[in-house]
Structure formats: structure tokens, C-alpha cells
Amino acid sequence: MGNACGGSLRSKYLSFKQTASQRHDTDDNNNAAAADSPKKPSRPPAAAKTDDHPVSASAPAAAMRRGQAPADLGSVLGHPTPNLRDLYAMGRKLGQGQFGTTYLCTELSTGVDYACKSISKRKLITKEDIEDVRREIQIMHHLSGHKNVVAIKGAYEDQLYVHIVMELCAGGELFDRIIQRGHYSERKAAELTRIIVGVVEACHSLGVMHRDLKPENFLLANKDDDLSLKAIDFGLSVFFKPGQTFTDVVGSPYYVAPEVLLKHYGPEADVWTAGVILYILLSGVPPFWAETQQGIFDAVLKGFIDFDSDPWPVISESAKDLITKMLNPRPKERLTAHEVLCHPWIRDHGVAPDRPLDPAVLSRIKQFSAMNKLKKMALRVIAESLSEEEIAGLKEMFQTMDADNSGAITYDELKEGLRKYGSTLKDTEIRDLMDAADIDNSGTIDYIEFIAATLHLNKLEREEHLVAAFSYFDKDGSGYITVDELQQACKEHNMPDAFLDDVINEADQDNDGRIDYGEFVAMMTKGNMGVGRRTMRNSLNISMRDAPGAL
């Protein structure tokens, strides 16, 4: 697209540039290498503001003004716990997850650092939500002692939050470690896969199904020790009995097993997901890929595995045999975790060759990890750049849903508002919308969050908004985005700027070292931006697209 359409699209961009509004005060959550933290920054994140800290003292009225929990919320853990601040000194924010924020904390009695995931009780809307948190803590304790599972230190509860203190994984994300090594071989991939599948086997032997295995849920406790790989985030994990089947669709699109999409699955789904991770470790790309989320699901159900494209012609037959058996679309014929560990390719001192993989594989892994960051930053820029005229319809919709005129939409208001607009979403799907839109984990959706969420659904591909986002990154107005300009934007958003060269290289189709407008549009409209816990965006889009006042 950079060659064929770049000129005309760049002209459109330049013609729009003078009228494209933009703001530079958008905010982002710092990411760090710790439990519940998706990425490691290139530099330490700034210390969290005291006013934003979940364990800072604040009056109930102030908490309510911020949309936090009222002081009289019932107990989640079901028993009294010590005061977290009596035991730990709280530090900087490490990461922002979908259901909680992770902070660095230091045990006062020992000086040992830990990670503390703080979950807002306002997000625990139903009895099921409360049970989910209890179960996550129970499962972490149940798996305690496994060397490759993050260790839980304790769980605490106050008026506003549930806090889970756990082992600090300061060594970074799995993919980041692979990239840093430089030399990367099938044998190294086999070692890493052996650890990952070992965790799966341990979970299954203890009656636990993880249900959300993915590379970002494996972190290193020590950056110098590959064997310190730890599985984190058991928020979607469940206990199961032999023969028991599950029907709720959870997980992430690239990694979800076909039987999960068909709503009839068991622990075999974890083995499928581990097979997807192995495919990515060896090639740098997911095995089931499409331009849309629905396309990804269709590819998963079709089950075709590409072993013809590079680098697969030089990958060993034994590796491909293992992947084929892990990605068997028939769960009962799929290898168990124990059988995977017995496969010749993966066994210690097995047949996996030690010759280096094509460097392009490392590059693909970097791109796969980095691209979504830029898209999400651009999405926030677009949301902040909308004119008052353009968001009038969405503003009206927001005001209609905000029944008490508080400036924030609660779960009940969202549910009732969507019903008025003809939505047939289930309660769990509405809860998913809350999770996706509630950026600051306040338990409510404020005006900017609402605009960003609805923009994500039905306005991303509007050209004038793409122009506004491009204009934000194109600091000098040259019509091109450079690495330096992306670094500046990342600094403004407090985002890590590692691997921006790879973002440029993937989007730069005419190889001139920069991104023109046509290439930017291609990047923004290609593929899937990532969905968290469950998928409901398409049905919501249908409901809202025809609603009164929808844009």
C-alpha cells in the first residue's frame, strides 16, 4: 500500500491536516515486568501518584467522587485480614491489567520486594465476580510450590480493594528474553516449551485448567535465568473434575482452541494453546491469522496449519510432528500434557537441533509483541481528537445512559441503556464491555472512556480520525512518521519505546525508513487489536450502529 496508494493517501492527509484537532494530554499505564504486567519498559516507570494509590488513605466521599467503591462494600474474601500497609510499603505502579493494577511492594519485616495486584471491589458486580477472585486466590495457593508458577505470598482486603501479594517477576516477558538472546534455536524453543507444558501438566494433575495461556502470561523471575520462567495470572482458571465439560468462551483469539469456540471443552484446550505458543516460538507468527477477529476464529475452526512458508522448510520434522499433534482439532485425539513432555523433540537431551533459527523469526516475534501497543496509543489519540460536533451523537447516548447525571455510567445504567437501544447482550457480555471500557478500573465508565470504547467499535476506520492520529505522531508535519517521533509520542504517553524500529519496519512497505499515511492506515486497519476476557464487540457494534444518535 505504501507504493500503490501512498501518494494519494498522503495528499488526503495533508489536506486534512490543518483541520485535524488533537490533544497531547492522554495518559497511559506504565508497563513493567511483574505479575499481571504485559510488557517490560525500557526504563523504570514513574512512581505512582499518591492520590491514585489503592492503599492510600482517603475519605469515603472522595472515593465516591472518583467512582471508587463505597466504604460499606461487603467482604470478598469472607474473613478478616491484616492491614496491607502494616506489612508492606507500597511502591510504583508496575502494570495495568484488565481487572487490577499491579504495584511494587516491599515487605517491612524482611525488605523483600513483591508484586501486589489490587482489584477494585467496584468491579466485582455479581456473585460470580466475587467467586472468580476467591477461586483465583485458591488456585494460586493450590499450585504453590511449583517452581514455574508464580508464588502467592498472601491476600488482603480493605474497604475498596482486594490485594494479592505475589512473587515479583522482574526478569521480563518470555518473548523479550528470546529477543535479547540473539542466538535462538529449536533446542532453546524445546526447553521453553518443556517448562510451559510442565506447568500445564502440573495444573491438570491438580485438577486445574488455566484457560488463558499466552506468552505474556509467562514472565522470568530473573532476567539471567531462563529456567526461572513463571506462569502468572490465574484469573480465568477453574477447578475441574475428570470428564467435566465447560461452555463459557474465555481466552484470547489467537490462542483459543476450537472446542472453546464450540462451547464444549475440557483441559485439552490448554494443550492446544501451548501448541500455538510453540508455533509462535519457532516462526514468530501465530498459526491462525486473519484480518479480523471473526476471521481468526474461522481459521481456528478450519484448523489448517501452514508448514510451507518460511521458516518451516528448515524446521525439523519432529517439531512439526509435535505441533500437529498438539493442534489436533479433535480434543480426545490430542496429546495430553504428559504425552507432550514424552515426545522425542521436547525431551531433555532430545532431538531438537541446536542450529540457530532464521533471524527473521526473532524480528517477527518482536513485531508481534510491539504492534498492538502503537495501535492502542493511536486509538487513545483518536478518541482525544474528536470534535464536539463529531461526538454529539455519542454524547447524547452517554447522557441517556447516565441516568443519575453523575458523569459516569454504572453497570446497571449501562445494562438499562443498552436495553433501551435494542441490545440483546447477555449480562456477562455487558460486564465484558465494562471491563473493556473502564480504563482506570474505577468500576464505572466516564465520558472519555465511553467515547474511546464506542470509537473502538464503530469509528476506528473513519479516515478523518486516522488523519488526526497520524497528525499527532507526525510532529514536524512532514507527512511521515519517524522513529524519533514515535519515541517522543511514547514518552508523552509514558509507554515503553522498545522495538519501535520494528514497528517502523513492519509498517514501512516502501522501505524508506518511515511511515507515510497510506502505510499508517494499512497498519491501523489490519488484523486484530486484541480482546481481553471474552468476545462481544461484534454484537455490540450491531446493537449500537443502528441506535438513535449513533455515529
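Yeah, the Cβs are placed from backbone N, Cα and C, and that goes for glycine too.
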Could you tell me which of the ranges 259-289, 352-382, 445-475 is annotated in Swiss-Prot as region 'Autoinhibitory domain'?
352-382
Going by Swiss-Prot, Asp402, Asp404, Ser406 bind Ca(2+) 1; tell me which of Glu413, Glu416 is listed for that site too.
Glu413
Whole-number mean of pLDDT values that fall within the domain 'EF-hand 4' (497-530):
75
Alpha-carbon spacing, Ser478 (Ca(2+) 3 binding site) to Glu413 (Ca(2+) 1 binding site), which is rounded to whole Å:
45
How long is the line from the C-alpha of Asp512 (Ca(2+) 4 binding site) to the C-alpha of Gly100 (ATP binding site), rounded to the nearest angstrom?
41
Nearest of the binding-site residues (Gly100, Thr444, Glu519) to Asp474 (Ca(2+) 3 binding site), judged by Cα-Cα distance
Glu519
Give the number of CB atoms, excluding that of Thr444 (Ca(2+) 2 binding site) itself, located within 10 Å of its CB.
24
